[in-house]
Amino acid sequence: MVFDPKLFKYAWAKRVIPICVILGLGYIDFACFYALGYREIYKFHSHGVAISLWVILAWCEVCVIAYWVLLVVTGPGKAPRVKPFNLYSSEDTSDLTPVPDYFFCDESGYPFWCSQCQSIKLPRTLHSKDRNYCILKFDHYCVWVGTVIGQRNYKYFLNFLIWFLMFFIVTLIYLSRYTKSNYDRGTKDIDHNYIVLYILSGYWILILSSLLAAHLWYVVHNMTTIDDMNIKKVKRYSRWTSNNDKTKRKDVRKIPGEETGIRYINIRYNDTRVIVQYTLNDFPFSFGFKRNWQNLWLNNNRTNGDFTQHESSYSRKRLAISFLLFLVPYVDLVYPSRERINVSDVEKSTLDSLYSHRLIEYEQYNDRLNDKFLDYINSKIKNNEFHMPRYLSPLAEDQQSSSEGSRPDNI
């Protein structure tokens, strides 16, 4: 559902495939409800068992369709347009945003920029050609449901996976129970619809269970599919480069995309800025299973906002509630919205300066960093393992020499 063939890159395929899925569900309904449920179980075994099959499968399918609709209607989450940072301390701030305490950048210290949206890119934001805007916490485009999965609809995607998986598990259980009796009843053959059901159920149980397990792993580490793909690219590229060492046999396979896993963060340090290097395996956005899980279900899949400012937000009671939202369908639709909406900063309504207002808006969407990562960055600064941004290059030499022995500010 994530790693799509090249065919899925075409716009027409993205429209046709969800329709094919719906038509496929229609056939599966015929095979389950009529061929298995009525012609076999209801007529030759038990009316009650047949009714239980119909009720359970109908409930699962209603959940699948409901969460599919929620996926599409809710959308992945649109990133706000952030004007360029005031890196050069310009007096004309009409089209600029104050520089935040930290932002992710390239090796030279410049923030990432989306040329299509004409905006600073927030962490883990990616521009979607299908939506024509940048997606918050972009995960992937799912061709099977026909929409982008991002920050806002990610939890509905997990619910969709659960109930789609349950649908096929229930189908396979009933099917395996009554296949032999269908075969033994005189014809020594089975209904050909059963063969199709076995193939489809086996295939989708394998795909959906693997995908659900992978995404639960992502939630535990507050990762995205893009993060995981980049980490795997690092391993492939490292393996390829080691195989192509001059002392070894050449690797004749296709050269993988270069990915070292090295990233950079631009941080306010004393009266200047510094660039610190880290790697993808440092997981700057992971706050541990308990917080990551509750941030997904109780804080709209965000690591910022008022919810994260209070330790009481991460109580055992709320952890239990978050599991309830995960396992019980539709509870999240009626759960009190005070923990689900984006909470605005109180100062936002009292600030007269549009310039300062832009920074507050940016901070509302900027991902927080975990303490372990901040300690790691601060330790690197203490050890002078940093360099100056290129836009401050005339001052770089003086700042580097004056920073020796000084204590870095905490972020």
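Cβ atoms are placed via backbone N, Cα and C, with glycine included.
Cys142 (active site, S-palmitoyl cysteine intermediate) falls within a strand segment according to DSSP. The active site, S-palmitoyl cysteine intermediate annotation in Swiss-Prot covers Cys142, and the record cites similarity to another entry as its basis.
The average pLDDT computed for the domain 'DHHC' (112-162) is 94. Among the features that Swiss-Prot reports, domain 'DHHC' is placed at 112-162.
Marked as transmembrane segment by Swiss-Prot: 16-36 (among others).
Listed by sequence, the residues of this chain that lie at least six past the ends of the transmembrane segment (53-73) yet keep a Cβ under 8 A from its Cβ atoms are 25, 29, 32-33, 36-37, 41, 145-147, 149, 153, 156-157, 159-160, 163-164, 166-167, 170-171, 174, 329-330. Among the features that Swiss-Prot reports, transmembrane segment is placed at 53-73 (among others), with the record citing sequence analysis.
Annotation source Swiss-Prot lists transmembrane segment at 156-176 (among others), citing sequence analysis.
Within the same chain, residues 1-2, 24, 27-28, 31-32, 35-36, 158, 161-162, 164-165, 168-169, 171-172, 175, 179, 182, 228 sit at least 6 positions outside the transmembrane segment (194-214) and bring their C-beta atoms closer than 8 Å to a C-beta of that stretch. Swiss-Prot lists 194-214 (among others) with the feature transmembrane segment.
According to Swiss-Prot, the transmembrane segment annotation covers 319-339 (among others), on the basis of sequence analysis. Distant neighbours of the transmembrane segment (319-339): 63, 66-67, 155, 158-159, 162-163, 290, 293-294, 296-299, 307; these residues of the same chain sit at least 6 beyond its ends, with a Cβ under 8 Å from one of its Cβ atoms.
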According to DSSP, how is the domain 'DHHC' (112-162) divided among helix, strand and coil residues?
9 helix, 16 strand, 26 coil
Intrachain neighbours beyond the transmembrane segment (156-176), with Cβ under 8 angstroms and 6 or more residues off its ends:
28, 32, 36-37, 41, 53, 56-57, 60-61, 63-64, 67-68, 70-71, 74, 139, 142, 145, 149, 194, 197-198, 200-202, 204-205, 208-209, 211-212, 215-216, 219, 326-327, 329, 332
